[in-house]
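Notes follow the structure.
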Amino acid sequence: MSIFKGSGVAIVTPFCENGVNFKKLEELIEWHIENSTDAIVICGTTGEASTMTEAEIKETIKFTVDKVQGRIPVIAGTGSNNTRKAIELSKWAKSIGVDGLLLITPYYNKTTQKGIVEHFKAINDDVDVPIILYNVPGRTGLNILPKTLVKICDTCSNVVAIKEASGDLSQIIEMKALLKDRIDIYSGNDDQIIPILSIGGIGVISVLANIMPKEVHDMCELYLKGKTKKALEIQLNTLSLTNSLFIETNPIPVKTAMNIMGIDVGELRLPLCNMDESNLNLLKKELSNHALIK
């Protein structure tokens, strides 16, 4: 059974002077539920987990689970390039009631394809909770190859899905051909939602949903219900805005956009920094063109 179908928001973490702005996070959670977001993915890349302390990560995940109260699935980013650390955080996340885990490939260490399998198997064997793998070689320097994914699925009963952000549609098609319905595929790129749905994907883990939650949900729902032309229209109509959210490293533009829109999510944490002025002007133009600001 799928953890979710449709739009899972890779939600930003709002910060304030004292740390995480939990009042704002609660507002965001309620806003997403009201606007039909299908799942919340907390403490991922867009949530700046890499600049948060372990205590902040745990408090943020628990707060989210407590506030959502089972209304939609909560998926926690508990991956690491330290297998033991990933196991410990994943065990803890299970204990407080998350619906799934998002596990990034082990970055920086430069392990082999065999090492990728063994890393995920170690987590799988110690933590009985649904797992979404996160393949984003542009960030990690490590690509889960299709045949490697087959080996993972053969040995890891809790691995139920993959967030595919390689951008390589040929690779994703090969994954689907090899595994059929043994694993769910989520788009990890907002500009490839429709292409990935068209080859059997079931949704997206989305950055765009932070500012257009209803539109991303509708795009997925329409496609999955067979209304493919209307779904494609949303993809095409939001494409220029989507592209503007990636003119600098995510989540710099999306967090900047939210602040411009009056959704005060606070500052970015170093080493992420404020946008270049020319890129900022382009972002503002796209927000205006899509009626998100006046």
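Yeah, the Cβs are placed from backbone N, Cα and C, and that goes for glycine too.
These come from Swiss-Prot:
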ACT_SITE  Tyr134  active site, proton donor/acceptor
ACT_SITE  Lys163  active site, schiff-base intermediate with substrate
BINDING   Thr46, Ile205  pyruvate binding site
SITE      Thr45  site 'Part of a proton relay during catalysis'
SITE      Tyr108  site 'Part of a proton relay during catalysis'
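Here the features listed in Swiss-Prot are painted onto the structure.
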residue: Thr45; record: site 'Part of a proton relay during catalysis'; DSSP class: coil
residue: Tyr108; record: site 'Part of a proton relay during catalysis'; DSSP class: coil
residue: Tyr134; record: active site, proton donor/acceptor; DSSP class: strand
residue: Lys163; record: active site, schiff-base intermediate with substrate; DSSP class: strand
residue: Ile205; record: pyruvate binding site; DSSP class: strand
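Non-local neighbourhood of Tyr108 (site 'Part of a proton relay during catalysis'): Asn81, Thr140, Gly141, each in the same chain, at least six residues away, with C-beta under 8 Å from its C-beta. A Cα-Cα distance of 5 Å separates Tyr134 (active site, proton donor/acceptor) from Lys163 (active site, schiff-base intermediate with substrate). A gap of 11 Å separates the Cα atoms of Thr45 (site 'Part of a proton relay during catalysis') and Ile205 (pyruvate binding site).
Residue density at Thr45 (site 'Part of a proton relay during catalysis'): 22 other Cβ atoms are found within 10 A of its Cβ, drawing on all protein chains shown. Sequence-distant contacts of the residue listed as 'active site, schiff-base intermediate with substrate', defined by Cβ-Cβ distance under 8 angstroms and a gap of at least six in the same chain, are Leu102, Ile132, Leu133, Tyr134, Asn135, Val136, Tyr186, Ser187, Gly188, Ile205. The Cβ of Thr46 (pyruvate binding site) has 24 other Cβ atoms within 10 Å, all protein chains considered.
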